[in-house]
């Protein structure tokens, strides 16, 4: 964390483009791990998968604090490399948790999925709020950014450990959760058996027979992939667009205004707030978009935001940029919930779990592609010329 402060000047920090680099480091670990987990989802113990992911996330947050202490708060390329390695670890852990949780919740009520997705957006909003508070509190302090980062990762480690406890001991015993997991087990799901035992249900443990017909009757992952290709493309495109703008463009290329160093923080906060609000809108059934064709049109229409952001940076003021950023977040959250809660409808429990994993895989794919495309904004800042000059050396 001290990579972003300490002895490193802000202009030197920008040369690393941390918001862009860390996004790219995170994604290969996340999508590679998720690809393996998605392919084998029917054989994986969901309880162990999710607990492993939550524990690893907790360890990652603690490792950031250890790294800061070990380097005595000094920045530099070595520390940045350490942060990058931990970021890869976060991506590895997130693949376990997000795919496992969304797959698990996909055979429950749609409101459960919506709540989980809203929780992800809430964490982003709270992170932004904490960053604003720590900037105000430590702005005139010598190591203000470092102190704020220490506070953030300490709080993160606490909440991630809390997630481990809640998922291990409380969530399996919720009556509604036990009901849906029992239903999924009766439909042939083997991924929930340990969760049922943790919830105090022993009678649904299957006795192996020669036929095991229920598992054979479920649609294969390939069939689910083909039947829901439009939903999967929707999620991919939603996150391609979002990550091509957020957070790299907003933190580095949104221009400078009278707000000074607060400007990029305000933009990122407004995105997170909009994302959170958007994930609650589908709770109003009248406002939930369920038409598959309508969802595709809405997703493709969002790409008009790219020229909108480009011209707003060049000719608009900060008010218009804040409005655009809020709308980007609002549509991101809204479309995510509409797609993820609509796709599993009409399938059996094991199929819904498989489809949930497939949706997360495409979501992560969109994040990866968007994070890579985000670098294209740098071409307008002279990086295109630099890359062309480097090409002969790269070829050699």
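Each residue, glycine too, has its Cβ placed from N, Cα and C.
Feature annotation (TrEMBL): of 199-219, 262-282, the stretch labelled transmembrane segment is 262-282. Taking pairs at least six residues apart, the transmembrane segment (262-282) and the transmembrane segment (77-97) share fewer than three Cβ pairs below 8 Å and do not count as touching. Packing against the transmembrane segment (319-343) from elsewhere in the chain are residues 102, 106, 110, 113-114, 117-118, 121, 228, 231, 234-235, 238-239, 242, 245-246, 250, 254-255, 266-267, 270-279, 281-282, 288-290, 295, 298-299, 302, 305, 308-309, 312-313, 355-356, 359, 363: each is 6 or more residues past its ends and has a CB under 8 Å from a CB in it. Nonlocal intrachain contacts for the transmembrane segment (294-313), taken as residues 6+ away from its ends with a CB within less than 8 angstroms of a stretch CB, comprise 230-231, 233-234, 237-238, 241, 244-245, 249, 253-255, 320-321, 324, 327-328, 331, 335, 338-339, 342. Note on the transmembrane segment (231-250): residues 17, 19-20, 23, 225, 264, 267-268, 271, 292, 295-296, 299-300, 302-303, 305-306, 309, 325, 328-329, 332, 335-336, 339-340, 342-343, 358-359, 362-363, 365-367, 369-371, 373-377 of its chain, located 6 or more positions outside it, place their CB under 8 angstroms from a CB of the stretch. Among 51-71, 77-97, 117-138, 150-171, 77-97 has the largest number of CB pairs under 8 A with the transmembrane segment (20-39).
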